[in-house]
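Colleague: I am attaching a structure below and will ask some questions about it afterwards.
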Amino acid sequence: MLPGAARSPCLRFPRRFAHGGLAAPRTALWATAWYGIHSKAFTSANSPLRKDASKEPALASNSKTTNPIPTQASASVNPPKDARNATTAKKDLLSETTLANKEQRKADWAIIKEMAKYLWPKDDWGTKLRVGTALSLLVGAKILNVEVPFYFKSIVDSMNIDFATVGGTAYTVAGSMIIAYGVTRIGATLFQELRNAVFASVAQKAIRRVARNVFEHLLRLDLNFHLSRQTGGLTRAIDRGTKGISFLLTSMVFHVVPTALEISLVCGILTYQYGFQFAAITAATMVAYTAFTITTTAWRTKFRKQANAADNRGATVAVDSLINYEAVKYFNNEQYQVARYDKALKAYEDASIKVTTSLAFLNSGQNMIFSSALAAMMYLAANGVANGNLTVGDLVMVNQLVFQLSVPLNFLGSVYRELRQSLLDMETLFNLQKVNVNIKEKPDAKPLQLHKGGEIRFENVTFGYHPDRPILKNASFTIPAGQKFAIVGPSGCGKSTILRLLFRFYDVQEGRILIDDQDVRDVSLESLRKAIGVVPQDTPLFNDTIAHNIRYGRIDATDEEVHKAAQRARIDALIQKLPEGYQTAVGERGMMISGGEKQRLAISRLILKDPELLFFDEATSALDTYTEQALLQNINSILKEKKRTSVFVAHRLRTIYDSDQILVLKDGRVAEMGSHRELLDLNGIYAELWNAQEMSLAQDLEFERETERDDVESKERDMAPGPKAQQ
């Protein structure tokens, strides 16, 4: 049995309990002590979590959290209008809302204009040269394509003789035309393939730049945005959007303009060679074909949007289920998750069927229009041959020219359909780039200078995730430089919010936060966040090796520095025992290692970063008592050695009783502040909480002593000799 001084005062309460595969901190004792001290119960008025989020599935409603983070239901639906940090009202990027035709066209043109910047960048002459070369090759290919029917006409007319009477061979009669015909077709194909090869790097470079810009923008967005988004659906939408970039660029350069050029050439040739009737039929066909295609495709757009939205929902359910695999298993909800996924698949199936059937209608209408035009032109040409005005070669040439149009026309129809699809897929991608970055640094922001050693001062700070539910209310306190500072209080009182405000995940609504007399809003974000190190309550780990996760604290750290950081966090010995050592994979979100190991990896990462300001948010809640005490001793030695300003957020008072200053929060206000001894002498909230935890510890010790006595007595009875048998 461990000595009483080393034991946790919370042993009677569960250290952690399973929730979604994560280890939750022990907050039950705080709630018990707090309710026992005060007659009126604490409500969750300060908590940003909505109580009425009952429209979510039952599994979600069973889970509770004490972390004051706005949920999607609250943060994105009712954001504060007057808070600089709050997310402004915005439409759901993954929704299936169908815009009016005028609005949709406006959105499409905005995307096309944006992509034109990547197609013809101002300062990239290499890209401009490639685009210009590709366009030249394209024009050459189209001209050669239009020349092919002329050679075919000449071949037919040349061969329309009586060889028995005239004599000669096919080579002597039409040899040059046949060679020209073959060379022209080969040249057109060669130009097209060269065009594709030249333009390939332009499209791929644009995809990379757009994807990089979107990803960079996502990382700049505030915490509230990421907490309210559906990761699975968002990643699926981004993936579709990036795939649509290549098609959009190719369509802009190689399909829309070239098809218009080819149609103009054919109409001009028909008018010049055969009269206005042929050109009129061609022009009318183009107008009818284009109008029918655009109208029908616009009608089909809503079906594609519904399919995309269902696809996003399915991806969201799948990703959430796999990430929270343990929660699904703990509550035997496999069939529930399968039913949710199948519901999204059914919606996608229904929308896809509508897409396919409407596509059949579109294709049928296009073929009817074109076939009618072809029949009309063939009649005119045949009538001209019958009247002696045209030759058989002219009939063949008209047929060839019309069929020459069929390829770009049919292709234009499919291109327009795919173009609309690409624009829809890219709409989410470009809407992401329009989401405002709420936390910005000033143009004249300067690097943070810690000339006083890292003194932190909150001056009349008021903040709430929602206007009607403030978390901090006119809070003022100072964290002296180089001291160990602790923040305690009930769940939802704003302890973790203090860290988020200091780190500038959010900005205060009133008051200001100073570090060495510098407002955090006046310094650069990079220097501010570089100076702060955090061990969060829920340790974020990447699906990579242990070494990578520790080195994430300082990317350029050597292996030796990584090992030293792990030693100081008392996890090196454990890592060395693993078969693959530091190259052991931790799994998705670190699920392959225990909660205590995750927290020690987080502390290793913090030690490696070596920042001036340290924050520990229940950093040892998942550790056993012995490891916790040993690790705290190491942390305290580091703090004393380097004289770092450190802040500990804790529920178990025995882990922070040696702090230089302890701040007690109540209802978002500073209730008490002082050293452990001063707060006990004050005989206020802190003293009552301490006594409640000590009483719990005493009860634990008495219970264990009674258990041990019972065990000893039981063993003695078992070993005592029984009554002698009668002789």
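Yeah, the Cβs are placed from backbone N, Cα and C, and that goes for glycine too.
Sharing the features that Swiss-Prot gives for it:
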REGION    46-97  region 'Disordered'
COMPBIAS  60-77  compositional bias 'Polar residues'
COMPBIAS  81-94  compositional bias 'Basic and acidic residues'
TRANSMEM  131-152  transmembrane segment
TRANSMEM  176-199  transmembrane segment
TOPO_DOM  200-248  topological domain 'Mitochondrial matrix'
TRANSMEM  249-272  transmembrane segment
TRANSMEM  274-294  transmembrane segment
TOPO_DOM  295-360  topological domain 'Mitochondrial matrix'
BINDING   Arg300, Thr301, Lys302, Phe303, Arg304, Asn363, Ser364, Gly365, Gln366, Gly413  glutathione binding site
TRANSMEM  361-379  transmembrane segment
TRANSMEM  395-416  transmembrane segment
TOPO_DOM  417-727  topological domain 'Mitochondrial matrix'
BINDING   Tyr465, Gly489, Pro490, Ser491, Gly492, Cys493, Gly494, Lys495, Ser496, Thr497, Ile498, Leu499, Arg500  ATP binding site
COMPBIAS  702-719  compositional bias 'Basic and acidic residues'
REGION    702-727  region 'Disordered'
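Walk me through the surroundings of each of these features.
Modeller: If one looks beyond the transmembrane segment (176-199) by at least 6 residues along the same chain, the residues whose Cβ comes under 8 Å of a Cβ in the stretch are 130-131, 133-134, 137-138, 140-141, 144-145, 147-148, 151-152, 154-155, 158, 170, 250, 253-254.
When averaged over the topological domain 'Mitochondrial matrix' (200-248), pLDDT in the model lands at 77.
Secondary structure at Lys302 (glutathione binding site), taken from DSSP and collapsed to helix, strand or coil, is helix.
Within the chain, the transmembrane segment (361-379) has long-range Cβ neighbours (under 8 A, six or more residues past its boundaries) at 278, 281-282, 284-285, 288-289, 292-293, 296-297, 300, 395, 398-399, 402-403, 406, 409-410, 413, 417.
Tertiary proximity for the transmembrane segment (395-416) is limited to same-chain residues at least six positions away from its ends with a CB under 8 Å from its CB atoms, namely 145-146, 148-150, 152-153, 156, 251, 255-256, 258-259, 262-263, 266, 269-270, 273-274, 278, 282, 286, 289-290, 293-294, 297, 362-363, 366, 370, 373-374, 377-378, 380-382, 384-385.
According to DSSP, Gly492 (ATP binding site) sits in a coil region rather than a helix or strand.
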Colleague: Given the binding-site residues Ser364, Ser496, and counting only Cβ atoms in the protein chains shown, which has the most within 10 Å of its Cβ?
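Modeller: It comes out as Ser496.
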Colleague: Pop the Cα-Cα gap between Ser496 (ATP binding site) and Lys302 (glutathione binding site) into the table, whole Å please.
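Modeller: Cα of Lys302 (glutathione binding site) to Cα of Ser496 (ATP binding site) measures 44 Å after rounding.
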Colleague: So, by DSSP, how many helix, strand and coil residues make up the topological domain 'Mitochondrial matrix' (200-248)?
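Modeller: Counts, helix then strand then coil: 44 helix, 0 strand, 5 coil.
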Colleague: Please report how many Å separate the Cα atom of Arg304 (glutathione binding site) from that of Gly494 (ATP binding site), as a whole number.
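Modeller: With the alpha carbons as reference points, the distance is 45 Å.
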Colleague: Can you tell me how far the Cα of Tyr465 (ATP binding site) sits from the Cα of Arg300 (glutathione binding site), in Å?
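Modeller: Distance between the two Cα atoms comes out at 41 Å.
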Colleague: For the ATP binding site, please report the maximum Cα-Cα distance among Tyr465, Gly489, Pro490, Ser491, Gly492, Cys493, Gly494, Lys495, Ser496, Thr497, Ile498, Leu499, Arg500 in Å.
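Modeller: Per the listed residues, the maximum Cα distance equals 19 Å.
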Colleague: Just to verify a number: CA distance, Arg500 (ATP binding site) to Ser364 (glutathione binding site), in angstrom, no decimals.
Modeller: 59
Colleague: For Arg300 (glutathione binding site) and Ser496 (ATP binding site), determine the Cα separation and express it in whole Å.
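Modeller: Distance between the two Cα atoms comes out at 49 Å.
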